[in-house]
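Below is one structure, written out as structure tokens; comments come after it.
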Amino acid sequence: MSAISIGQAVVLGAVEGVTEFLPVSSTGHLKIVEGLMGIPVDDDAVIGFSAVIQVGAIAAVLVYFSKDIMRIVSAWGRGLRDREERYHHDYRFAWWVIYATIPIVLVGLAAKPLIKGPLASLWVVAGSLIVGSGVMWWADRTGRHKRGEDDTSFKDAMLVGGSQILALLFPGFSRSGATMSTALMLDLDRVAATRLSFFLGIPALTGAGLYELKDALGTGAGAAPLAVGTLVSFVVAYASIAWLLKFVAKHTFNSFVVYRIAVGVLLFGLLGTGVLHS
């Protein structure tokens, strides 16, 4: 069992908070930082710690979008009681989110041995970072960016939600990267693509976080580091979400494309030189 210090918990919480919702792969970043700090990345306590602090980032997106979430849930509840309310976009969108989550749940359960086994390799993470960069570049370049959030359809939700499977099977692809790229291919504007990515990710991230939490708490990572890391993750993730929405309103995704390639190359280098082990 590996003890994680308070200082290391702060660093890892910050890394998780920054990268969980940016299209850059939180998994790859956490593994790199853990390796550089001399923390054994395959230790049960470390794996458990990473799973728990993710809950802080999930809480951040729930708080940040709380008004939107309450509006959508309220519309859904009204629609269940009143047929006239079922024509409201928020009511339909609530069902779309539910339906769009089903594919990733089914694949996650069916492919769990692969996901926890060979597909968890850092070589896969590094390769997925670079391949995902190419997909993101192409999507941002060819997408027409003409459709807003109110123009989203059931088809959009299913395709974007289903694309989360890419990140599940190839973790370096990044859940945010996969969903945002898919939304851009569907001609959504960058802000709409980003917000849709957040909304469709909430059920999957929350479910996965709670599922991992029950096992992670028993790994012996330490209560104080867990609390600190989770709190830091929450604060940093909240700021990261706010920054990302402002950034994509004025910029392309090219900065993320270049950065992802650099991180992928760095990860290949660390693996090749033995600094990190897959």
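Even glycines carry a Cβ here, placed using N, Cα and C.
Copied over from Swiss-Prot:
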TRANSMEM  45-65  transmembrane segment
TRANSMEM  95-115  transmembrane segment
TRANSMEM  119-139  transmembrane segment
TRANSMEM  191-211  transmembrane segment
TRANSMEM  225-245  transmembrane segment
TRANSMEM  256-276  transmembrane segment
Mind pulling out the one from 45-65, 95-115, 119-139, 225-245, 256-276 with the most Cβ pairs under 8 angstroms to the transmembrane segment (191-211)? 45-65
Quick test of the contact rule: Cβ under 8 Å, at least six residues beyond the ends. What residues does that give for the transmembrane segment (256-276)? 22-25, 28-29, 31-32, 35-36, 41, 122-123, 125-130, 132-133, 136-137, 140, 172, 174, 177
Looking only at residues six or more beyond either end of the transmembrane segment (45-65), which have a C-beta under 8 A from one in the stretch? 1-4, 9, 12-13, 16-17, 20-21, 26, 30, 34, 39, 198-199, 201-202, 205-206, 209-210, 212-213, 215-222, 225-226, 229-235, 237-238, 240-242
Go through the chain and flag residues at least 6 beyond the ends of the transmembrane segment (225-245) whose CB is under 8 A from any CB in it; none is fine as an answer. 4-6, 8-10, 12-14, 16-18, 20-22, 49, 52-57, 59-61, 63-64, 191, 194-195, 198, 217
